[in-house]
Each structure stands twice: as structure tokens, then as C-alpha cells.
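Feature list (source: TrEMBL):
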- 85, 88, 90, 92, 94, 108: Ca(2+) 1 binding site (BINDING)
- 184: substrate binding site (BINDING)
- 214: heme b binding site (BINDING)
- 215, 267, 270, 275: Ca(2+) 2 binding site (BINDING)
- 53-136: disulfide bond (DISULFID)
- 86-91: disulfide bond (DISULFID)
- 142-344: disulfide bond (DISULFID)
- 221-253: disulfide bond (DISULFID)
- 43-348: domain 'Plant heme peroxidase family profile' (DOMAIN)
- 1-26: signal peptide (SIGNAL)
- 80: site 'Transition state stabilizer' (SITE)
């Protein structure tokens, strides 16, 4: 389908589905905290569980493949879960923790920015953890299972298969107040995005490449409705939004779209295929989010986005490498900083 031939019937198919990383309701981005201390790749290894749980990847794979067949939305839901986990407190499974009943301190998953994380993502990890525990009790961290599951879903959707380095321990902290300054916004500027990613040890190229996860993502109207009617307080739509797409989007997202339950594809051409269609769409001003389209307008990010649009294989290779790099953010090791949870929802 040509990138400009998005029809009403196509959009209708995607109502009430899923949004994926990194989308949070548009609001001013808070100042960013200092970079988290990061443990480098040398502290993780592909064969970490070769003796502790040699069948780990096949166990997780049996769950992800089944989930992908039964509930395809599990793919973008779990991928987004991994991003939201790594960007807050590091890749330590803290996003999976549930708030204690009657507790006053809310866990990460209760933060406003995480309210739209789909249950299918959490359910996939719960099922995978249960199966792994039945074979390898108290040996495998929830954070490693999440990293493996995210890779599996990326591959099942047509994306790259990359080796997942393992050895993460589950973190002991999960606080909702840590979330807002660490999650990109749908209206973030390129400056804000570059600073946030840099605080995680990620480069400008990593930013553009990891944004490619939107190739199978969806967004709620409230994430982009301002672009349709009142862009930056001008009372007019964003001039950098394709006019035909604007017309289609207004059909499903009224000016009061912040309360609309409709969700629309970030990549209108191939929303369920992990390819480089997302970048080709940016070249035709089809970026759904302001933060996405900005990548094709800024001279620091546009050349990278253009390269990804031209070469699918280059994008897939770069994405696998960037995911491997992101997976090392804030890794916890040892009992002083982490634990191996039996139930991913609760601390030991």
C-alpha cells in the first residue's frame, strides 16, 4: 500500500489496540536526572544460564510463540514494557512490581506514564516466569526473562534475532515518582530526546534507531490530538503533518480526543510488520507523533532516519545492536543491589 493511501477502513481496523514505546501523554518534559550508573556488557553474558538453566531460551520461546499466535498485541506490549523498564531504574524488572494493597507508595506501573501499558505484556512475562520456575526454580531473574521475551517478539514480528546477554538481577526499588523524568513524551523536542538518551548512555543514532520500534506501535488520540487542531497554541494543525493523513485522523480523533479510546498505527503502511516502513512514513510527513516527525526535521537526526528508510537490513542490524546496548542500562548484580524474584509482581 502506498504511504499516502491510508484509508478509513484501514484505520478502523486498528481501533482499541495498543500503543508502544516511547509514548506518554504530551506534557512538558521535566529536567532529567544524572545518568544512572551502568554496568557494561562484560558483566553480562550470552551463556550465563548454560549450567543454571540451559533450556531457558526455549522455555521462554515456547510462551512467546504461543502468545504471538493467540494475542498478537502481546508483541508491541512486551517490547514497550522492556523500554519502560530499562529507562527507569535500569533493566531490572522494576516495571513488573505491583503496588502493595493499601500501600501509599505507588510502584512504577502505577505512574500516569505507564497507565496505558497493556496487560498482554505483563501476562506474557508472568506466564514465561511460571514456566521457567517450574524447571529452574529461583535461578532466573524476571529482568532477564523480560529481555529475552522482548527479543522473541521482535523476531516473531519480522525483526532481527540477536543474542541476549544475561545475568541481570531484579531491582529492589519500584517507585512511580521515578517515572516522569525518564520516559520520552509524544511532544518531546529532539533536544530533550537527545539529552534523555544521553543520560542513559545512548547516542543520537541509538535514539533514531530505537524509535524504529514504532514500526509496530500504536498511539491513543490524546498523544497527538494537539497536532490536529491546536499545534503549539496556534489554533491550527501542525504544518508538518501530511494533509491527507490529517483528514483521516480527524475522523477518529475529535478536538476533544483526549478522552477518545481510539488507537491508531504509528506506521500506517505495515503496522504489524517489524520493518523500516516507519522511517519511510516520516519522509512523507506521516509521523503520527510530533516527537517522531521531529526526527526527520532536525539535521542531527534526519540523515540517520533517511539511511534507515533506504536500507531495511541496515535498520534491522542497527536495531539489534541498539537493543543489546539498551539492555545493559543500570544492570543490577548481586544480593546487595538485587534479588532473583520467584513472582515478578512482588519483591522477595
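Counting begins at 1 with the first residue displayed.
Just so you know, glycine gets a Cβ as well, placed from its N, Cα and C.
Mapped onto this structure are the features recorded in TrEMBL.
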residue : record                             : CB count, 10 Å
80      : site 'Transition state stabilizer' : 28
85      : Ca(2+) 1 binding site              : 30
88      : Ca(2+) 1 binding site              : 29
91      : disulfide bond                     : 30
92      : Ca(2+) 1 binding site              : 29
136     : disulfide bond                     : 16
184     : substrate binding site             : 23
221     : disulfide bond                     : 20
267     : Ca(2+) 2 binding site              : 28
270     : Ca(2+) 2 binding site              : 19
Next on the checklist: To the nearest Å, how far is the Cα of residue 53 (disulfide bond) from the Cα of the residue listed as 'substrate binding site'?
Outcome noted: 35
Checklist entry - Relative to the mean position of the Cβ atoms of 215, 267, 270, 275, the recorded Ca(2+) 2 site, which additional same-chain residues have Cβ within 8 Å? => result 216, 269, 271, 273, 274, 276, 277, 278
Checklist entry - How long is the line from the C-alpha of residue 86 (disulfide bond) to the C-alpha of residue 221 (disulfide bond), rounded to the nearest angstrom? => result 26
Next on the checklist: Given a 10 Å Cβ-Cβ cut-off, pick out the one of the binding-site residues 108, 275 that has the most other Cβ atoms nearby.
Outcome noted: 108
Next on the checklist: List the residues in the vicinity of the Ca(2+) 1 site, defined as same-chain residues other than 85, 88, 90, 92, 94, 108 with C-beta within 8 angstroms of the site's C-beta centre.
Outcome noted: 84, 86, 87, 89, 91, 93, 95, 171, 174, 330
Checklist outcome for this item: Counting other C-beta atoms within 10 angstroms, the emptiest spot among the binding-site residues 94, 215 is 94
Item to check | Within the predicted model, mean pLDDT of the domain 'Plant heme peroxidase family profile' (43-348) | outcome: 95
